[in-house]
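These features come from Swiss-Prot:
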type     : residues                                   : note
ACT_SITE : E36                                        : active site
BINDING  : V74, G76, H77, H78, W108, K234, T236, H238 : O-phospho-L-serine binding site
BINDING  : D75                                        : Mg(2+) binding site
Amino acid sequence: MSSEAGKVIIKLPKTSIPYKYVEPTLIDVDKLVNHEELVEARLRELVDKIRSENAVDMPIIVTPIPGTDKFLIVDGHHRWAAVKALGYRKIPCVIIDYFSPEVKLKTWLPGIIGEVEPVLSEASRRGLKISMCNYDPNTLGEIDVKLLEESSFIVLGKNLCRAISGGIEGQKIVSQVLNELNMKGLFTLVYYGELSDALEDLKSGWLTYLFIRKILTKEDVMNYVKKGLVYAPKTTRHILPFYPAKTYTPLSKLA
């Protein structure tokens, strides 16, 4: 094994987003819609935490889904799922205006420190087409929009460019492959919040391969969840004007 099994690095720029107290609104868990698949280990961790604290430490962030009586979970998928798994009817929420310019939407960009061939081989085995492309970190701004739209990811490395087919649905397959091979210790998995940071590490050689994808719009997200669909974990990265301060809502209020 070339790296520590399950090692994941998160790389985000430093920010100064403030914490703000907002009186939470209790919303029925069945009125809430998640937009990303859940990670079972994280869900189990939060179930145990909520049970031991006998409270939900902080509200989740939600926004109305236009044309429905439901709310999109912007941040807090696993807390919502944990409360639901524990059998409670309501969860503390902070409702935001999703389309406010203060709420920004970006995407997580996966990268690996290690060999990419096992990822490409397994993605191909699971039905995705791998094709050659001619981009490098210095020509990234010139990538064809149509190619990004049709690809699940474009993989860049030193002297390598591969487009993986599948679009949004293909991203679920690739993300699953990345997680599975990472757990086997084949490589270290790195998630970047900003493309510029990822490219810097790729050019320096610290990062071996970078997976880039189309950046979603807020309209994309809303339309996708209205179809009853969910993205792969760590697809969307929402930047909010504030973090909700902890309120420790007792479970007794959620029955």
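A Cβ is built for glycine as well, from the same backbone N, Cα and C atoms used for every other residue.
With a 10 A radius on its CB, K234 (O-phospho-L-serine binding site) counts 20 other CB atoms from all the protein chains. If you draw a 10 Å sphere around the CB of W108 (O-phospho-L-serine binding site), it holds 18 other CB atoms from the protein chains shown. For G76 (O-phospho-L-serine binding site), the same-chain residues that are 6 or more apart in sequence and have a Cβ closer than 8 Å to its Cβ are P59, I60, I61, V62. Across the structure, H78 (O-phospho-L-serine binding site) and the residue listed as 'active site' place their CA atoms 10 angstrom apart. Following the DSSP three-state reduction, the secondary structure of H78 (O-phospho-L-serine binding site) is helix. A Cα-Cα distance of 10 Å separates V74 (O-phospho-L-serine binding site) from E36 (active site).
Ranked by Cα separation from E36 (active site), the binding-site residues D75, K234, H238 are led by K234. Sequence-distant neighbours of the residue listed as 'Mg(2+) binding site' (same chain, six or more apart, CB under 8 Å from its CB) are I60, I61, H238, L240, listed in sequence order. H78 (O-phospho-L-serine binding site): 22 other CB atoms within 10 A of its CB, across all protein chains. Of all Cβ atoms in the shown protein chains, 16 besides its own fall within 10 Å of the Cβ of H238 (O-phospho-L-serine binding site). Take V74, G76, H77, H78, W108, K234, T236, H238, the residues named in the record as contacts for O-phospho-L-serine: the widest Cα to Cα gap among them comes to 18 Å. Cβ neighbours of H77 (O-phospho-L-serine binding site) (same chain, under 8 Å, six or more residues apart in sequence): N34, H35, E36, L38, I60. In three-state terms derived from DSSP, K234 (O-phospho-L-serine binding site) belongs to neither a helical nor a strand segment and is classed as coil.
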